[in-house]
Amino acid sequence: MSRKHHHFKGAEVSCCVKYFLFGFNIIFWLLGAAFLGIGLWAWAEKGVLSNLSLITDLGGFDPVWLFIVVGGVMFILGFAGCIGALRENTFLLKFFSVFLGLIFFLELTAGILAFVFKDWIKDQLNFFINNNVKAYRDDIDLQNLIDFAQEYWSCCGAHGPDDWNLNIYFNCTDKNPSRERCGVPFSCCVKDPAEDVINTQCGYDIRLQLEMERQKFIHTKGCVGQFEKWLQDNLIIVAGIFVGIALLQIFGICLAQNLVSDVKAVKANW
């Protein structure tokens, strides 16, 4: 019976394609589950799961959304591809192909639009960063993300240190009682290689000093400009990553379609 299912009048399902697609997708399925688990755990720690209204309370970007969205997409795709290949289910395999094709199309469209409307994208990036500067102290994950970006790209604020006037803790108004008034986060500071322990107060009162004095202690370039420079310097690597992801998606679609054709050919000969 098993042989009749896989081989009849010359038609057969390729075991190589079937189990390669299964193995390929089970990795994504498990990774997706892990990402989802991390995202839900982070939300549970912040009390979001017990009070869903907190999802919209944060003025800036919650990095946990990345884990939830990416993990959810990977989990759904991995499930459809894995079970579809193992059970030779044409519906799941077609769903996998269409879903993956849709993601590829959206990525391609986003890339073209980003190139055509790059000035608009730059304005949106400025708006995005400034919104997150305002919400810097509102969420620990957002705070860690901003600190990482400023340290990695050696920058401070969207256009410069004065962007931190947007934050209620760092602005220079006379009514601001915060000790961090007219300062910047420690991630803006120029690191001293001799220091083993991070001085989290290194940015205090720094914006009360003149521009030339600031440069000795903090990074004065904005993160938008530094990010653009980083993209230009690493254009080949970034392009290679995107091309690699695109080829992986096309490869997955081709495997799924090949398996669907094999299953249909076997069924047609029953």
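Cβ coordinates come from backbone N, Cα and C, glycine included.
TrEMBL does not curate its annotations; it predicts them automatically.
Copied over from TrEMBL:
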{"type": "DISULFID", "residues": "CYS155-CYS188", "note": "disulfide bond"}
{"type": "DISULFID", "residues": "CYS156-CYS172", "note": "disulfide bond"}
{"type": "TRANSMEM", "residues": "20-44", "note": "transmembrane segment"}
{"type": "TRANSMEM", "residues": "64-86", "note": "transmembrane segment"}
{"type": "TRANSMEM", "residues": "98-117", "note": "transmembrane segment"}
{"type": "TRANSMEM", "residues": "235-260", "note": "transmembrane segment"}
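CYS156 (disulfide bond) is 5 Å away from CYS188 (disulfide bond) when you measure Cα to Cα. Contacts between the transmembrane segment (20-44) and the transmembrane segment (235-260): present, as 3 or more C-beta pairs lie under 8 angstroms, all at sequence separation of six or more. With a threshold of 8 Å between CB atoms, the same-chain residues lying at least 6 positions outside the transmembrane segment (98-117) that come near it are 73, 76-77, 80, 242, 245-246, 249-250, 252-253, 256.
Its own atom aside, the Cβ of CYS156 (disulfide bond) has 28 Cβ atoms within 10 angstroms in the protein chains shown. Residue environment of CYS172 (disulfide bond) contains 14 other Cβ atoms, counted within 10 Å of its Cβ in all protein chains. Between CYS172 (disulfide bond) and CYS155 (disulfide bond), the C-alpha separation comes to 20 Å.
In the shown protein chains, 27 other C-beta atoms lie within 10 A of the C-beta of CYS155 (disulfide bond).
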